[in-house]
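Here is the structure we will look at, set down as structure tokens.
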Amino acid sequence: MRPKVLYTILAEIFSEETGSSSIRKQKILALIMSMQLLAQNINFMWNPYLDMDNWKTYIDFWVVLNYPCIDSLAASLGLLKIFMYLVISLISTNAILVITILLLNASSKQVPNFLLKSLRLNLKFTCELYFIPTSIILIMLFKYSTIEIHEIQEYANLPDSQIMNFGALGQIFSIIFLLIHALFSIIYEGCYLEIRHSLCETNLHAKSSPKIEILIKIIYFINCIFFTNIQLSNYFAHMIILSITYAYCTYKYIYYLPYYSTFMNYIKILVHFEAFCISAFFVLASFIGNSTIVFVLTIFMQPIIIILSKFAIDYRMRIANKPKKQTESSLIVFELAIRKRLMSTENSKKLIEYINLHYENKKNKLVLVYLAYYCKDIQENTNIAGIVISRVDYKGFDFITNFQIFKCQKILEKENFQKSEGLRMSSYLIVSDKVISNEKKFCLNLLNIIKKLNKENIKISAFEKLVISCNDNLKTVKKNYEKLIETFPDAKETYKNYGTFLSKITFEENYGNQFINKYNFETYDSRANSKKLNLFSHYKSYILITSGNPQSFGKIIYANLNICKLFQLSLEDYKDSFFQSFIPKPIYEMLNVQMIKLIVKSETNFLFIKDNFFMLDFDGFLIECIISTECLGYNEGVKFVSVIQSVNNKYREIGLISEDYRIINHTRNFTRVMNLNFYKAESLYLIDCMPKNIFKQLLKNKQIVYSPSNDGSKYGLIIKEIPFLTSKLRVLYILNNPIDLLIPSQCIDTDITYEIMYDKIQNQIHINSQERLNSRSCDNEKTLLSKIESNQKLEEDLNLKNEKELFLTNNLAKTSIDGIISIDNKNKSHTTRSLLFLKILKIITGIYVIILLSIIIGFCGYISKELNNLAHRQTFSDLHDMNFHFSRLVYNTLLLDLGIHLSIPKDYLFQIYNESITTLNAMQENLHKDYRLLSSCPNSDIFYNPKILVYKDIKTDYYRDSLAGILENTIANARYYMNSLQKMDTDDHKLVFYILYNTFRIAINEFSLAISGFLDCEIEKVNEKSIVVWYYNIIAIVIILAIGCIIIVLSGKNCANIGKSWTKFSKSVRKSQNTVKNATIQHLDTYSSKATKEILGIYEENLENIENFQIKRKYQHIIRVAILISVSIGAMVIVSEVLYKQSQKTVIFNNKVFNNLMIQSTQIWKFGYFTLEALAYKESYDFSEYTNLTIYPYYMDSINKTLLEIKDLQHVIEQYSIEGKIPNELVDLLYFNVTKYGGEEKSGIFTVVNDLFDDSKNYIYSTSDLNIDSLQKFAYSVGNIAFALRNTSFYGHDVMKNEVLYICTILGIFFTLIVLLLIILSICINFRYLNYERKVLESIEGLKKIFECAEKINK
């Protein structure tokens, strides 16, 4: 965004209020706001947990005192969450309003006033009145979304912190809103500012700079961070920091005194000095440990605080140095030194000198803003103020200063435009010159179109751009002319130029003649002719505008045709020239210094007023003239506007001579008259150009009669010193007029003034009018002559004004081509139908794009949802984990039962047994939640259907139960069994039998089969989803292709319509091309430009026959739609066939690997269980009846079977590893990472498992007695290895699940890119292309009407 646009928006937002309240009301409001600000700062100084004596006595006082900090008030009323939402809503509203204003400005629409008022009101609430509470609430949102604290500790009533705990989302949004809040606060302080010293008595808030207030806001913000983060943990350090910051704020206000009002400075100092004193009292009270000190000192120190604050202001003003000593100080200090002078007209020259000196030293642009307002408001000279402010620009990063510069420039430009005729004149000339340039560009483009249509081979794309450019130029020219007439209604030449353009170029004779008649009518008004603007636009005037900016000093900005003729330049050449190139060197040296002084000193804006002046033409010959020059500041720059009159006296020649009588410059015929054999006599001494005696007589008498040649011609020679600026110029005049020879000095002393006399103008107008009248009827001639001669009531201002307004409203609005040329209904209906058809095609394409986006979004959303469901489905892993802990419980039951008979420590066994029961009981809840999912699978309905035989004892007492029932009974029996053991109750045989017999031998095997069946069901469901995805794909592709075909058919029809329009356009051009070409060339020839004439020479050839003109149309829109269809279908195929299928494979494989490893971990428990049975049988311990009976003779078969199952599972994993299907992290854990077993380090978990198998065989087949320590060690190793395998399973499961989630991320990125690509293809290609086609049709129609009108005129 360009700075000018940004500052324009800011100026609109922070516009000055028209009505200002009285000083008394402002003071009352300032007092209220200051007390509120003080209370908000006191809020930083205490908390409900202060450990001081008598603190509870005064705590209610401090609580109430904090209510102006409305976050405390909201907390006490239980509305803290509502206040937080209010703050967020206000900041969001501010951002939305700013974006809305930007969009309205970008679309050149008027911003509603209520939007601006709403934004200002919101900013005042959040950035000024309640800046501290707003900052605190946002910082606390970040804090309590980060730290898990149950209470908000900053408030006395300790609200629940859950109202501000939004997790990571709260952290992110709090930072975003804090940044927006800080940015808006800085902008508010920097832009909602009045720096004019003249308003100090009407606006208490006027101040020299907002930098102090911005600094104070930053300190407040830092204090808010300390208040919410370190106040509770380190109160004393927090109070020390507060005291330092308030002391610093007080010092800043005292030293700089930023406000012009003493009252406001006093209030600001008092508030911060008060805050400093109270914070110091709190530090003292914290150090002593008694809170009464704060209360007592705060009350009894008030008189001293008030007096010291006033004394500080008076003392600072007394020691303020004189301005001369502060020219190298900072701007705020310098402004304080010149503040009184900026409010008075006394010693203005000295003040301006000091300001310029300070600007030269510090280059601070804001000081020139002070000076500009001083010139405007105090000296009441807006012209000089405009020059001052135009010395600086608003470029750079200091947006606060730049905004003030921009604001000041716009204020002065508006006032000067209304008051200064010179500014209006120069603005008019520069703008009209741009309008004429656009007009020339249109004419050249129109000729180029005619020329290209007469060629056989045409590049259609380039030709379309040419046609659009030409039509846009036409609209621009008309718009600029109408704006020029509206802005400068007194510039009558504009009416003539616009009327000529309409009647001669676009062949709108009716409306063109209305403008020409308007020009003729206004010309006869005497008062209109007397206006300066109209006078300077007269055809006899010589106008020169040059730049006064340092970067382009002296560059010619504008020169009218007369100036170009005077300098012997073309209209194009002057734009690259500088003023000093046309001024004699000694004159320019003096002039340059004087021009700079004029800009800097700011005393007057006139450089010359009808003064003698000498210039040079392009060949370097001297030109005598009279000049008036005014300096103007506007449009971000300084300009010198000069009105020049050449003194064309053919009876005299002039030579500019130096102090040593050397010829510096001379007129063109100077050497011929002096009978010198030189083309130029520059640098020759005057004595070398004439006899010595003649030279001496000339020096003595200053004038002589001299005959330089032998033909007897006599010339009068005069040396005259002409005053110029602060010096004098020595000029030699050569007179050859016989009358002038009698009294040579008389003609030189005559005051030649530059005035285009009104009577001369009137005579010229009368002559021109008579010529026009001769071509009209007698009646019209009599009527018009009577108007000219009588000059009746038409001269009255009211009548003239009414005529202008009526003319502008009724006629100017009708000058667009679309509504002024009548064409045949057939052509009009064809164009209308084509544009309507194109609009329908654009709407259908838009709907098609919306459908495509909806299909893509729905498809990718469905795929992403399914992948996430697959990745995060927990039922399968929960079942395996439940089976694992079920096996663990059974294993620990046997281990605990053995511990009764062996001397194994019971405490640890009870601990792990209780842990097993607790874990399994928690998992049982998840089994109930997954009832519907498990019961829907035939292979897993065993969880809830009673199909498993369960034995109560070894006898035939049995029944059928479900896995859920067995699990529940096992948990209950295990809990009862543990309680009985703790009570030393050994009557637990049936409980032990139920747990040991019905688990590993029956239930756990069924559990594993049910999980495997459930896995098969899940895999089947995943495969079924592929079919759904394919159905979705087929339906979507059919819809995309069907609508795409409709659009392709419509696109073909659109191409045919455009082809017909080109054909009709070529026919219209063929019929009237010569007329249009000749009229355009004739119009361009009036500009008398060498470059233009050279260009026109190219077009003056005879035109060829273009009967067979054809436009070969490329079906570009069809190709674009095809690309759109291909991208959409391709994206869906990639998502379904690549990303989704890969994710499916990963999910299925992940479940298989997880199932394998979890079965191994469960089998480890089983293997350990049967090993313990074997060891118990081997030792023949005196077990109880039921325990002993659970040891069957087939335990070795069970051990071997379990061992083979684990080996088979390991072999499958090994094959997966060799094929590279398993993630490297999981392979490292299974085979390579170091794992401790038996006090030794082993490579990989599978190695440890094999070592466990070996130890089991050694224990079973060992002939020696079993060592209890070895048994205990083996028993614990089983648990460790089982858990290691379980944890590895879940780790591998998470790794592969992350792969699926990564694919989901890739899908999200791919989906986002596809959506963006479709939007780009739609907007930048399709919609832009259709808009381009519409512009082509409109441009063809617009230009075709020109040729049709020309054809009608020929008829």
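Every residue, even glycine, has its Cβ placed from backbone N, Cα and C.
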Among ranges 59-81, 82-104, whichever one TrEMBL labels transmembrane segment: 82-104
Contact call for the transmembrane segment (1027-1050) and the transmembrane segment (166-188): at least 3 Cβ pairs under 8 Å, seq gap 6+: no
Outside the transmembrane segment (125-146), six or more residues from its ends: residues with CB under 8 Å to it: 33, 36, 40-41, 43, 69-72, 80, 83-84, 87, 90-91, 94, 152, 154, 161, 164-171, 173-175, 177-178, 181, 184-185, 188-189, 217, 220-221, 223-225, 227-229
Outside the transmembrane segment (28-46), six or more residues from its ends: residues with CB under 8 Å to it: 21, 62, 65-69, 72, 129-130, 132-133, 204, 220, 223-224, 226-227, 231, 239, 242, 246, 263-264, 267-268, 270-271, 274-275, 278-279, 282
Listed stretch, out of 82-104, 166-188, 991-1015, 1300-1325, that has the most CB pairs under 8 angstroms to the transmembrane segment (214-230): 166-188
When counting Cβ pairs under 8 Å to the transmembrane segment (1300-1325), the leader among 82-104, 166-188, 236-257, 1118-1140: 1118-1140
Candidates 82-104, 236-257, 1118-1140; stretch with most C-beta pairs under 8 Å toward the transmembrane segment (166-188): 82-104
